[in-house]
Structures are given as structure tokens and as C-alpha cells.
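A quick write-up on the structure given underneath.
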């Protein structure tokens with residue numbers, strides 16, 4: 001407690017200090033505004049001289065150090081003064097005075113927003129169930145964890161939602177306009193549930209990985225532009241594409257597209273699978289089907305694969321129940337480990353369906369699916385069934401060690417004996433195509449169908465180890481020039497962008513393809529293995545006259561050195577393969593070693609895969625799961641109008657042959673070391689010669705040698721090394737690819753076909 005004396009003693013000092021401090025502060029303010037004034041400056045302050053300081057009373061003189069101490073603080077305060085000022089209309093004083101009514105209204109809108117959403121959500125419910133009504137995600141979601149899409153809604157001051165264009169187990173896809181980029185996009189809205197969010201995050205990671213390896217976007221994978229969180233939903237923004245291949249089939253009344261167009265789709269798909277098989281990616285799509293293959297433009301044949309929501313990388317498989325049932329591979333049905341080969345099986349099923357118009361294996365359940373596969377391909381090999389955990393779900397083992405089909409419990413379904421429903425007859429190889437609808441058409445000769453059938457049989461090999469790989473599939477004669485120019489869409493051997501990369505250190509140095517995800521997903525009510533995969537039809541379909549479908553991609557040069565083919569897990573393959581070339585030969589196609597009986601001579605009448613000419617009849621309407629496919633009536637008046645062969649321009653680059661004569665080639669394998677291609681020239685042949693010598697087509701000699709050893713790369717992948725002899729390559733010109741000129745393009749037979757298109761804008 002202060003005494004009175006102490007208080008009175010302090011007062012005179014306080015009275016005298018106040019004016020002196022204010023005086024010096026004023027002087028300091030003037031000094032601070034002058035240039036080069038600083039606490040540590042060597043220059044004297046002009047405001048107060050030494051004589052002035054000495055003339056001041058003692059109490060004023062002791063304030064000079066205080067002056068030097070305060071000056072920097074004032075300078076800092078001046079520097080912090082704002083240079084720009086806010087709009088007076090937003091000032092708190094204005095909001096709480098003249099705009100007070102507006103302020104209260106805004107507070108009420110924010111406060112009652114949640115209550116208003118709850119009220120709107122429950123308006124359509126029965127009044128008796130009001131107590132049971134629940135609100136999800138503050139009224140933004142429905143009871144299925146899906147975002148409630150409102151047309152015209154604007155997100156983040158950027159995306160204007162136009163309409164819902166797809167729905168699936170993952171969530172929804174909406175069409176939206178991006179105000180920043182000024183383009184239409186497809187936004188995939190993931191369900192607001194942790195399991196779906198986790199899987200979508202894997203999808204984003206895979207898509208970004210593919211984007212990184214494909215800056216030019218030329219490998220037929222959809223492009224992921226960006227992703228963000230909005231109201232607890234992960235949203236993936238994709239490029240806008242056109243309708244899917246199932247829509248295309250539906251618009252042909254399920255009669256199928258031409259073999260030429262099927263070839264274009266097949267080559268792009270094989271290129272995409274080759275890209276996914278690069279060691280840096282090793283991605284398994286796990287759900288290839290017509291609904292997940294979209295046209296880039298309704299008047300072009302360019303396609304892209306979408307929906308990587310079920311995808312995984314090799315060695316990171318987390319699901320056992322994958323793939324849509326019609327396209328599910330035998331190893332998945334049998335519960336065996338799977339790899340990238342399951343996508344090749346799906347592709348084989350898709351290509352047949354695209355040409356015939358109907359699924360090749362349309363099982364109503366897994367047992368029915370396996371039985372329909374066996375009808376066409378026979379009983380799977382014993383060495384596969386012996387290792388299959390679920391083999392006894394479909395088959396029973398006989399005392400002699402062989403396997404046979406189990407009898408169905410209901411006894412209602414009757415199947416043809418194993419292997420008697422021949423692919424030869426399904427495709428109509430010698431009867432004018434499926435249902436005879438392609439008889440006499442250009443590009444649908446017996447030779448063309450034989451090549452197509454052989455490629456499909458290699459894709460549908462029961463054994464994933466010997467199932468054809470994308471690298472070899474792209475070299476198949478189905479994609480090559482024949483003596484009959486009308487049988488192909490290009491004048492020469494077709495290659496894909498993935499085949500153009502040069503070999504570097506035993507791997508492909510690639511830019512690769514991006515984007516996957518599910519943009520513009522299907523709206524069809526197609527039967528699926530998973531009932532949650534049903535897609536709703538969205539209204540507003542419109543008809544578009546498709547006159548020509550051309551693929552527009554890059555036209556890089558083809559190098560003479562092929563990349564190393566990318567093997568699949570467990571594949572027995574040579575560690576080094578030398579391709580022998582001769583000036584008068586044309587390389588046909590490579591096959592994996594130890595092909596099974598499916599790949600043998602098809603012209604041998606004693607061979608058990610010789611296809612007799614039995615016609616496959618359709619009895620009425622065939623129920624396919626949850627949908628019924630329309631019956632196809634073989635009317636000759638409709639055959640020309642249903643040709644959908646979209647013309648490809650320069651997209652599928654081809655290597656020009658130096659010789660158009662009927663030629664052959666051989667592929668030989670050798671071990672590593674200096675022995676070169678002489679190592680196994682005398683080994684017994686593991687596959688017979690395949691002869692396509694019909695109707696002017698070339699003869700193809702396949703010579704396959706077994707391999708005594710295997711080098712494994714990453715994740716069980718065999719390591720391949722390919723080299724071409726330095727002699728003149730018979731399938732290319734000097735260093736370049738002779739590109740097909742526009743004048744040589746065949747007339748598109750798509751003119752006048754009316755195609756019903758999904759309401760998805762084409763990019």
C-alpha cells in the first residue's frame with residue numbers, strides 16, 4: 001500500500017515526463033518519415049541536435065534513449081498500415097446499422113438451412129412414418145449414401161450440374177460444365193461411405209499413375225482431370241465421352257457391328273492392355289465389358305476404357321469376387337489366383353459379342369456361366385481343375401483322374417455336350433457371318449473369319465499362362481495385310497502406340513495412357529453379376545445419324561526395334577527371342593510357348609477342335625439374367641443397314657510390307673548367352689503349323705519351341721528380351737512407317753444408320 005508521501009513524490013515526475021515524451025514522439029514521427037532513418041544508422045537525426053539535448057532539462061535528456069527505442073516500433077506500425085481498404089458496404093459498422101435488416105435475414109438463412117433441407121427431404125414421405133424419417137449428411141444424401149443431385153446446382157463457383165448420366169454401386173456420374181476450363185466434364189460422385197471412399201482413393205491413385213505415364217493420352221484410357229471433396233463426397237472429374245459399346249449394340253438391334261469395326265475396337269483394346277501391363281503399372285482392370293468401353297465421339301471409332309473402380313495392381317489383389325459374370329474368367333470362377341490375363345479373357349468375350357450382337361457366355365449364375373463356357377470350349381484341363389479351390393462346385397473328378405461336369409440339381413437347364421457348340425458356327429465362318437447377315441460383304445470372307453476365330457480362341461485359352469498376351473495379340477494376322485485388300489481396314493500390318501516404343505534396358509520406355517475411372521457410365525438395365533451394378537436409364541435419348549467414324553490420334557514413326565513384351569504371372573516364355581526377317585517374308589504373329597490344343601491346326605478334320613457346320617438356333621427370346629435380349633430375325637433387307645463399320649483414319653498405325661506375295665514366318669526362342677537363335681532350332685515343335693491358305697489369304701507357319709528356363713522380373717512376371725536381326729525388315733520401310741493416305745480410305749458403310757445416343761456430350 002502506497003503512502004501519501006510516495007504518491008506526491010511521483011506526481012511531479014509524471015507531470016513533467018508526459019509533455020517531453022509527446023514532444024520526442026512527434027519528433028520521432030517526423031524522423032521516421034525521412035529516408036535512411038534507422039535505429040542503427042550512422043547519420044545523425046536532424047530533428048534533435050546535441051546542443052538542443054544539452055539545453056533541455058535533465059529529465060528531458062534522459063528520455064533520449066527511450067526515443068531511439070520507440071522509433072523502430074513506429075516504423076513497423078506504419079509499414080503494417082493497409083494499402084487497400086475493403087468495400088464500405090461490407091464494413092461491420094454498416095452491417096450493424098443501415099444494413100441491420102439484411103444481416104438478420106442472412107443469419108436466419110444460415111441458421112435454418114439444415115431444417116429446411118430436412119423438411120424438403122421428408123415432404124414425399126407418408127405422414128405416418130414421420131418419426132422414422134432420417135436425415136443423411138445434413139440432408140444432402142439419400143438413404144443409399146448417394147448425393148442428391150439437383151440440376152442447375154453450382155459447386156464451388158465452378159461446376160454447373162446439368163444432369164445425372166449414370167449410376168452404379170460406386171455412386172453416380174453427372175454431366176457438368178466447368179466454368180474455369182469452359183468445357184463439359186463428367187463428375188463421378190462417390191458414395192458417402194468409408195468403404196467406397198477407400199476404394200475410390202485406390203482408383204484415383206491408379207488413374208494418376210496412368211496419367212503420369214501417358215502425357216499424350218494416346219493409350220485409350222479415360223483421362224482423370226482432377227478430384228476434390230464436396231459435402232463429404234469424393235468427386236472425380238473426367239473428360240466427357242460419348243455413349244458406350246453396349247449402347248452401340250442396342251442401336252443395331254443386337255445384330256452386331258461389322259468385322260472391320262470389331263477389328264478397330266480389338267486393336268485399341270489390345271493396345272490399352274499392353275499399356276496396363278507395363279512393369280511400372282501392372283494394372284488389372286477387373287471389370288472389362290461393353291458398358292465400360294466408351295466412344296470418344298459418336299462419329300468416330302476411337303474408344304477409351306473407363307471405370308477403374310474395381311482395379312488393382314498385380315500383387316495387391318484384395319477381392320476374389322470380381323468381373324461381371326458374362327465376362328468372368330475361368331480362374332476367377334474357380335477361385336484361383338488371377339493376374340492380368342483375366343482382362344484378355346474379358347476382351348475375347350467382348351469382341352465376339354460386338355460382332356454377333358449377343359453375349360458369348362450369358363450365364364444366369366456362376367454354375368450356368370461355367371456350363372456355357374464348357375459348351376463352347378470343353379472341359380478345362382485337369383492340371384487347372386486339380387489346383388482350383390472351387391472346382392467341385394462345377395465339376396466332379398472321376399476315378400481315372402479326369403473331370404466331368406456335375407449334373408444340375410434342378411435339371412431344368414440342358415446343355416450341349418462339352419465343346420460341341422463351336423465358335424466356328426457362332427461366328428458363321430463359312431455361312432456368311434452371324435445368322436448369315438454378312439454374306440457377300442467386303443471384309444467378311446472365310447479367311448477373315450478364320451483369323452478372327454483363331455485370335456478369339458487364343459484369348460479364351462483356359463490356361464492363363466498360355467493365354468495370348470497383348471504384345472502377341474497385336475501381331476496376329478487378324479490385324480495384318482492380306483492378299484485381299486477388302487478384308488482389312490488398313491493396307492498393312494497394324495501397330496499400336498504401345499508397340500512403337502523402343503526397347504531400353506529390357507523394358508519399354510513408354511509414355512503411357514491415362515485416365516480411368518468411370519465417366520459417362522452406362523445407363524442400361526443390363527444383367528450383371530452384382531445386382532448393385534444396375535444402371536438406370538436416364539431420359540432424353542436422341543437420335544444421331546452416324547455417317548463415318550474415324551479415329552484421330554498421333555502418327556509417330558515406328559522404330560525397327562520392338563519393346564519387350566510384358567508377361568503375365570507364371571507365363572513360360574523365352575528369355576530372348578530373335579525375330580528372323582527376310583526380304584520376301586511378312587511377319588505374322590507370335591504365340592506364347594506351349595499353346596494348348598485350342599491353338600492347333602483348324603483345317604485338320606481329325607482334330608478335336610475342327611468345327612463342324614452346326615447352326616446355333618435361338619429359341620424365342622433368350623433371357624439374359626435380368627434382361628431379355630430381342631430375337632434377331634435374319635432379314636436380308638436389314639443386312640446392309642446394320643453395318644456399323646466405322647472408318648479409322650490414321651489412328652492405328654501400320655507397317656507396310658515390302659512384299660505382297662503369300663509368305664510365312666517363324667518365331668524361334670533361344671536362351672541367353674552367345675548362342676543366339678541357334679540354341680533351340682532343333683527342339684521339337686510344340687505347336688502345329690496353322691494354315692490359313694483359303695481365298696487368297698496368306699499361309700501362316702507357327703513354330704513354337706519350349707523353353708528350359710524362365711527369368712522372372714517383378715511380381716512373378718517373366719522377363720522378355722526381343723531383338724530384330726540387322727538385315728532388312730520385311731514388314732517396314734527404311735526407318736519409317738508408310739502411312740496410309742486419306743485417298744485410300746474405304747467408304748464407310750455406316751452412312752444412314754440411325755444411332756440412339758445416351759445424353760452424354762462428346763468431347
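In case you wondered, yes, glycine gets a Cβ from its N, Cα and C as well.
What Swiss-Prot lists as active site, proton acceptor is 287. The Cβ neighbour count for residue 287 (active site, proton acceptor), using a 10 Å radius over every protein chain in view, is 27. A coil conformation is recorded for residue 287 (active site, proton acceptor) in the three-state DSSP classification, outside any helix or strand.
According to Swiss-Prot, the ATP binding site annotation covers 165, 166, 167, 168, 169, 170, 171, 172, 173, 188, 238, 239, 240, 241. In the three-state DSSP scheme, residue 167 (ATP binding site) falls into the strand class.
The compositional bias 'Polar residues' annotation in Swiss-Prot covers 46-61 (among others).
Residues or ranges marked as compositional bias 'Polar residues' by Swiss-Prot: 485-501 (among others).
What Swiss-Prot lists as compositional bias 'Polar residues' is 634-645 (among others).
Taken from Swiss-Prot, the feature phosphoserine applies to 14 (among others).
According to DSSP, residue 111 (phosphotyrosine) is assigned to a helical segment. The annotation phosphotyrosine is assigned in Swiss-Prot to 111 (among others) on the grounds of similarity to another entry.
The Cβ neighbour count for residue 140 (phosphotyrosine), using a 10 Å radius over every protein chain in view, is 19. The phosphotyrosine annotation in Swiss-Prot covers 140 (among others) and is backed by similarity to another entry.
The DSSP secondary structure for residue 177 (phosphotyrosine) is strand. Sequence annotations record features per position, and here Swiss-Prot assigns phosphotyrosine to 177 (among others) based on similarity to another entry.
If you draw a 10 Å sphere around the CB of residue 219 (phosphotyrosine), it holds 28 other CB atoms from the protein chains shown. Taken from Swiss-Prot, the feature phosphotyrosine applies to 219 (among others), supported by similarity to another entry.
The annotation phosphotyrosine is assigned in Swiss-Prot to 319 (among others) on the grounds of similarity to another entry. In the three-state DSSP reading, residue 319 (phosphotyrosine) counts as coil. Residue 319 (phosphotyrosine): 12 other CB atoms within 10 A of its CB, across all protein chains.
If you look up Swiss-Prot, you'll see 321 (among others) marked as phosphotyrosine, on the strength of similarity to another entry. Cβ neighbour count for residue 321 (phosphotyrosine) (all protein chains, 10 Å cutoff from its Cβ): 11.
Sequence-distant neighbours of residue 449 (phosphotyrosine): residues of the same chain at least 6 apart with a C-beta under 8 Å from its C-beta are 259, 427, 428, 429, 430, 433. What Swiss-Prot records for 449 (among others) is phosphotyrosine, and it gives similarity to another entry as the kind of evidence.
For 529 (among others), the entry in Swiss-Prot reads phosphoserine.
The phosphoserine annotation in Swiss-Prot covers 538 (among others) and is backed by a large-scale study or a structure entry.
Here Swiss-Prot flags 748 (among others) as phosphoserine, drawing on a large-scale study or a structure entry.
In this structure, the recorded positions 111, 177, 238 were compared by how many other Cβ atoms lie within 10 Å of their Cβ, and the smallest count belongs to 111. Around the Cβ of residue 240 (ATP binding site), 22 further Cβ atoms fall within 10 Å across all displayed protein chains.
When the Cα atoms are compared, residue 319 (phosphotyrosine) and residue 165 (ATP binding site) turn out to be 28 Å apart. Among the recorded positions listed here, namely 111, 140, 287, 321, 287 has its C-alpha nearest to that of residue 240 (ATP binding site). Here the region 'Histidine-rich domain (HRD)' (595-625) returns a mean pLDDT of 39 for the predicted model. Ranked by CA distance from residue 167 (ATP binding site), the recorded positions 177, 219, 287, 321 have 287 at the top as the closest.
When the C-alpha distances from residue 165 (ATP binding site) to the modified residues 111, 177, 321 are tabulated, the minimum falls on 177. Comparing Cβ neighbour counts within 10 Å across the binding-site residues 165, 173, the minimum falls on 165.
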